[in-house]
Amino acid sequence: MSLHSDESNWQTFKRLWTYIRLYKAGLVVSTIALVINAAADTYMISLLKPLLDEGFGNAESNFLRILPFMILGLMFVRGLSGFASSYCLSWVSGNVVMQMRRRLFNHFMHMPVRFFDQESTGGLLSRITYDSEQVAGATSRALVSIVREGASIIGLLTLMFWNSWQLSLVLIVVAPVVAFAISFVSKRFRKISRNMQTAMGHVTSSAEQMLKGHKVVLSYGGQEVERKRFDKVSNSMRQQTMKLVSAQSIADPVIQMIASLALFAVLFLASVDSIRAELTPGTFTVVFSAMFGLMRPLKALTSVTSEFQRGMAACQTLFGLMDLETERDNGKYEAERVNGEVDVKDVTFTYQGKEKPALSHVSFSIPQGKTVALVGRSGSGKSTIANLFTRFYDVDSGSICLDGHDVRDYKLTNLRRHFALVSQNVHLFNDTIANNIAYAAEGEYTREQIEQAARQAHAMEFIENMPQGLDTVIGENGTSLSGGQRQRVAIARALLRDAPVLILDEATSALDTESERAIQAALDELQKNKTVLVIAHRLSTIEQADEILVVDEGEIIERGRHADLLAQDGAYAQLHRIQFGE
């Protein structure tokens, strides 16, 4: 999926401006300060004319006496304006980057699951960190240079034409050449900047995979594989950086050479008798110094072009992400609490990019308060059915109804409030156990309710032995807990939510036999007044289900109660024999 926008720099900057203008007070102050800074530099050069024409040649002139104080005052103004401009623009850029990161983060949270199926976590992290930091460069350092150097160029040009328009006319020829050179390198910088973003995404992704899979790397001796992988993407990033440096290193001397030709032309014209007769030493010195002074802002503008283009390329990528469609939430129906009756009617679903349907014409019902179990081989489509219940994906055809209303008619937040999910892939947050159990509902539950849920899930057995009990911080994804402990915290979270419909996707898969029996007792008690969809690998956990559905290659091939399915001696009976070694 391409995340780059096809917008021009101007269109991109207009979109970026919607963020910048929110902090226009700081922008106005910094712009005024930059103009004052540039004016101070220009005025100092202009002092050369009276110094040469009047100061040294006129013994009675007071100019030499006041000149040191003028220079001191100008330097003070220059320093103060420099501080004000840098501070204010840094304040503006910091806020702009913060707002863009917030919006991007919020956008990610509302993206459909299929988006994360296709994008690497490391690449997306790079967008939030590296790309947004490039925007800071465009909105602070680049803008500082553009405004300050732009004001300097305007001031110096004005000074030159004011003192000698004849000598200054040479710039009319030089200016288009400089503009063409800057435009050419800008396009090159922009292309390289996009490649750098992609390369940085690969670096982040490679590092993230190694860090998350560190135990696998150690277990299988994969250090050399990961080292080579990371070396490759790191070298790619280095190559792109060197391309940028090369382009910038070539651009700077080219601009300097063009400016040198302009100086050559000025010196040549000054030797012409008709022009020389009208020049005073002070006038010539001011014009020559101003033209020489143009080299610094021209070089700075060329250098900052690369930074500005990196910022614009990053903006295009970020805006491209923000333009991606979020989860469709067109439903209008809301229910305070549903009864929990679920009807799956002729559902067919195919994952994006796949040709074969994951589910084909699946139909079944779960009456209120009943339990239906899904069994079958891995990849048969069991978890897909659960994902369709909560609209992590939408069906291709058919419908899934909750209390007689199509799940697509519900508002997403309202729909998902009626489901509690315990997955085989437990995710916990770097927070306290209590906050993980009451996730996204802090303040809605009392401490006693949280503790009761933990006891029902048999989690208090290990929580009470932890340093701060329920207030113990468990690390990223619960790294300080065992697999079974993490599973019990997730079950406690589902118990506390008290949703009408429970989805247990291999909910006890990480538990030992003793813990599983204890948890199963708690789940049995919980399921009395709930509609439950159980996805099970261990057949012993679903023997009491009201109906068992055997799923194979996206189709339901058998259905019935445990004893009936065993009597049929079909696929379920075969699974049972394999699992129990019969």
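First residue shown is number 1, and so on along the chain.
The backbone N, Cα and C atoms fix where each Cβ goes, and this holds for glycine too.
Quick caveat, the model's predicted, so the values are computed rather than measured.
The transmembrane segment annotation in Swiss-Prot covers 27-48 (among others).
According to Swiss-Prot, the domain 'ABC transmembrane type-1' annotation covers 28-310, on the basis of sequence analysis.
Residues annotated as transmembrane segment in Swiss-Prot, with a curator's inference given as evidence: 63-85 (among others). Here the transmembrane segment (63-85) has long-range neighbours at 29-31, 33-34, 36-37, 40-41, 43-44, 47, 50-51, 54-56, 144, 147-148, meaning same-chain residues at least 6 beyond its ends whose C-beta is under 8 angstroms from one of its own.
What Swiss-Prot records for 144-168 (among others) is transmembrane segment.
Among the features that Swiss-Prot reports, transmembrane segment is placed at 170-188 (among others).
Annotated transmembrane segment per Swiss-Prot: 244-266 (among others), in sequence order, evidence recorded as a curator's inference.
Look at Swiss-Prot and you will find 283-302 (among others) tagged as transmembrane segment, backed by a curator's inference.
The annotation domain 'ABC transporter' is assigned in Swiss-Prot to 342-578.
According to Swiss-Prot, the ATP binding site annotation covers Gly376, Arg377, Ser378, Gly379, Ser380, Gly381, Lys382, Ser383, on the basis of sequence analysis. Around Gly379 (ATP binding site), no same-chain residue six or more apart in sequence has its CB under 8 Å from its CB. In the three-state DSSP assignment, the secondary structure recorded for Gly379 (ATP binding site) is coil.
Each of the binding-site residues Arg377, Lys382 was scored by how many other Cβ atoms lie within 10 Å of its Cβ, and the smallest score goes to Arg377. Under a cutoff of 8 A between CB atoms, and with a sequence separation of 6+ in the same chain, the neighbours of Ser380 (ATP binding site) are Val551, Asp552, Glu553, Gly554. Neighbour density for Ser383 (ATP binding site): within 10 A of its CB lie 20 other CB atoms from the protein chains shown. Proximity of Gly381 (ATP binding site) to non-local residues of its own chain (separation of 6 or more, Cβ distance below 8 Å) is seen for Ala358, Leu359, Val362, Val551, Glu553, Gly554, Glu555, given in sequence order. Surrounding the centroid of the Cβ atoms of Gly376, Arg377, Ser378, Gly379, Ser380, Gly381, Lys382, Ser383, where the record places ATP, the chain contributes additional residues within 8 Å, namely Thr384, Val551, Asp552.
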